[in-house]
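Peer 1: Following this message is one structure expressed as structure tokens.
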């Protein structure tokens, strides 16, 4: 039974990852021509911003990618030093010119009525743009950010359907278009805080919780395992919960530092995990005795919630890896840890069945001898 559940778990995770990847045109795993230190999947318009900030030079190198509504459309990214909206935005806008070449121009957006190419308040260099697969347009630039602005800036991004006379036409007024604003922390979007958040949650939801379940099922199959399995299980799950709460708290802190940048799926799964794990902790105090009539209902609740935590935990670890984009060795290490857990399940499931059959035959032999 456990082997079947583990197989279903793996299949569900693979299907989920494949489905979410197929729905995402852009992600931080997209490969621009330059290497950047940081990346955010922006919460609106399916856009991605990658950047490197050099404090000693006060320069910000960016690669902004989005899919315009049409092949003749445009994409824009801007810093607004005076407010959080469009007016005052010092914009970089990429589009195809009359000859079909992709170009980038600067626009100082001073009103909602009309815009014209103009110099912006910041020196800009290395401007270029390109169109790649699936209609994705990217713009690149290096911006000299005045130190007095600070390292947390207001950012605005947008897409539009057409360009007339070298000037972008008005964009749509859908919800995503009207809410494509936020703040950008140039120096610590994730940094060490993101690494700590990732490590805590990978250890908690991705390793300790599954290990706790494995201990509960297979240690008690051996005669020496009772009641050791119970204390190992409780210790493992309580530790996983404590570490997971710490990881959840660091996630809340990171979110407060990057307003306007929301990883919806990762956040929602994290909230669900915290809620389910908290509910699971009550199982320790609500556990009825084996002979109690409610024990069977408690077992269904306990196992159902536990399996949900394992599935969501593993999925969210991979979602987190997609966000942080660590060195490939970390994703490989976690994948190997899952494979090891799977191998342990297969081996001990086989051993537990052998022990079960041996015990069953032994009981039959004892009964036969007593009858004789």
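The count begins at 1 with the first shown residue.
Positions of Cβ are set from backbone N, Cα and C atoms, glycine also.
Remember, TrEMBL labels are computer predictions, not curated facts.
So TrEMBL lists the following for this protein:
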{"type": "SIGNAL", "residues": "1-22", "note": "signal peptide"}
{"type": "DOMAIN", "residues": "45-160", "note": "domain 'DOMON'"}
{"type": "DOMAIN", "residues": "167-357", "note": "domain 'Cytochrome b561'"}
{"type": "TRANSMEM", "residues": "195-216", "note": "transmembrane segment"}
{"type": "BINDING", "residues": "197, 233, 266, 302", "note": "heme b binding site"}
{"type": "TRANSMEM", "residues": "228-249", "note": "transmembrane segment"}
{"type": "TRANSMEM", "residues": "269-288", "note": "transmembrane segment"}
{"type": "TRANSMEM", "residues": "300-321", "note": "transmembrane segment"}
{"type": "TRANSMEM", "residues": "333-358", "note": "transmembrane segment"}
Peer 1: Give the number of CB atoms, excluding that of residue 233 (heme b binding site) itself, located within 10 Å of its CB.
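Peer 2: Total other Cβ atoms inside 10 Å, all chains included: 19.
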Peer 1: Which residue, of the binding-site residues 197, 266, has its CB surrounded by the fewest other CB atoms within 10 A?
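Peer 2: Across 197, 266, these binding-site residues, the one with fewest Cβ atoms within 10 Å is 266.
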Peer 1: For the heme b binding site, please report the maximum Cα-Cα distance among 197, 233, 266, 302 in Å.
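Peer 2: Farthest-apart Cα atoms in 197, 233, 266, 302 are separated by 27 Å.
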Peer 1: At a 10 Å cut-off from the C-beta of residue 302 (heme b binding site), count the other C-beta atoms across all protein chains.
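Peer 2: Around residue 302 (heme b binding site), other Cβ atoms within 10 Å: 18.
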